[in-house]
Amino acid sequence: MSVRKNSPASPKPTSRSRESSRSPSVTDLKDHSKAKRTLCRNILLYGSCKHSENGCAFRHDGPFIPSSENLEQYSVKKKLNAASASFQPVRALPVKAAGAAVFVPKSQEKSLFLSRERTPVALSPGSHAINPYNNASMLVNEPFHDDSGVYYTRQNQFKPTLYNLYNPQPSPMPTLLPYERTVNGLFIDDTTRERIERKSEASRQTISALPSIISSYTSLAPLNTKLYRYKEQIGFSSWTYKCTSSIDGNAYVLKRLQDCSINIDTSTVDKLKNVFHPNIVPFHSAFHTDTFHDSSLLLIYDFYPCTTTLGELYLNNSKNSVKLEENRKIPERELWNYFFQLTIALSYLHKSGFACNKLTPSRILVDQTERIRISGCADYELVVSNKPPLEERKKQDFVDLGVVIANLATGRTDMDMSSAARAIYSTYSREFYKAVLYFVSEVPEDKNLELFLQNHIESFFPIMSSPYVECEKMERKISDAFQHGRFFNILCKIMFIIDNNRASREYPIAREKEISLIYLLRDYLFHQIDEDECPVIDLYQVLNRLGKLDAGINQAIALISRDELDCVSVSYGELKAWLDNVYEMEINS
């Protein structure tokens, strides 16, 4: 029998539960029991089922995810249940309960469900927050294995970045056209400028612990590379200082011989003053002093800054030595260069009536251009009273010259001449071997320096021509910068005139025109703009125009004011005349 649709006594018919006239079978009962154990799909998809109260056969008592609107009501359902009994206190709180401590729960009950809506929360850095900039070791990127720290804990150290290893190499200089110039090409090159500045700095060094003034020399600075006192072969302990003359302001070398009270022969001093050669350090004067609390003899020589000795450069393992490897040798061309310079220096000394006297690598100064100078030529002549004959000392100079070249070629000073000759024979050319053997051999023959130069003239030709090439290079460098002094003079005149005439003063009309031309000239030099009204900064054009102004050529130029209302056509010669005239009037006024 069917049931009416709106009958309240029966449930509303659905698609899943329909009334049937037949009685339920065993299979239907099993299916119904299985459906009761299955969670409703609407609960999984939508969180609720609208047919749960109207005959849905599936289970609806499982956990579900409530919406954000019902979450708050669900969370306080147990606390705010209207069906629960009202709160009835047993008795009033005692008076002592007012001073009781505040209740702090041990744990807080967490909500069983999570809301789908994301609420932004302001995070405050806690005590366990990680600061990436606090750990310096995290800033160092080391992709390679460090063998030195295998068995040790890594230290928290910060190391600066080596930019020379990480930055790429600069691009090569582009090829310039014949009419193009660079800013560095307008001035002295950096290598020459740095060499000159280093020499100037070395000439101004002073040490306050030394005497402030000795005779007419001040600003003493020690030049000895060793900290202990050493005795020269002349028999006296000596020190070497750099000093400045209060008479001419030039730097000199002051050589002090301790406890040397020997009388000086004035005639020998005058002869030594006249010894002047490019490869010999000039001697100037000698006098006694008690400034160092003893009887010291002071010898004055010329000062050559930024120089070292051949012994320090090639034979000692010092910081300035370049010959530290046993198998490394000096090029033969360089040895011929030293050979040639020493030979002509000794030849000049012998013709002047003196000998070099005990030539050693420590007495030979060398600079960055491989130019050598023999120092201390006056020491032996003035201090030693019982000297051997001059001819005997000249012959000893020949042997000393050969020994010096042999020491440089082998890199050793403790090798006997026979072993040194074999080493030179196996390393250098036969001609160089014969040249060294000519001086170190004990054959009793008269050695002649002029004859030696004639026999080896072919090897000396490249050495003789190299100074001319270097001189030509230096002249080119100077020619590029020598006019800068005149340019500076012109700029000073322009700035003096402009700065002195900024105040409102009354001038004659003719002078006002000349001053206005100077202002226009200043704008013509430093206030050029292109067609896009952008400033033109061209150093070469400024130097070119200053050169034309200094020469006073007849080339006409147009001087235009900044507002482009005034324009004057004038030549460089007229501008130079007006500039000199106004500057002279400024001086006289």
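Backbone N, Cα and C atoms are what each Cβ position is placed from, and that goes for glycine too.
Among the residue ranges 34-63, 154-183, 184-213, 244-273, the one that Swiss-Prot annotates as zinc finger is 34-63.
When Swiss-Prot is compared with the stretches 74-94, 326-346, 389-409, the one noted as motif 'PABPC-interacting motif-2 (PAM-2)' is 74-94. Range 458-496 is the one annotated as coiled coil, of 419-457, 458-496, 536-574 (source: Swiss-Prot).
In the predicted model, the motif 'PABPC-interacting motif-2 (PAM-2)' (74-94) has a mean pLDDT of 51. According to DSSP, K255 (ATP binding site) sits within a strand segment. Proximity of K255 (ATP binding site) to non-local residues of its own chain (separation of 6 or more, Cβ distance below 8 Å) is seen for S238, W239, T240, Y241, L298, L299, I300, Y301, G376, D379, given in sequence order. The DSSP breakdown of the region 'Knob domain' (497-589), given as helix, strand and coil counts, is 52 helix, 12 strand, 29 coil. Looking at the residues that bind ATP per the record, K255, D302, F303, Y304, P305, C306, T307, T308, T309, the two CA atoms farthest apart are separated by 18 Å.
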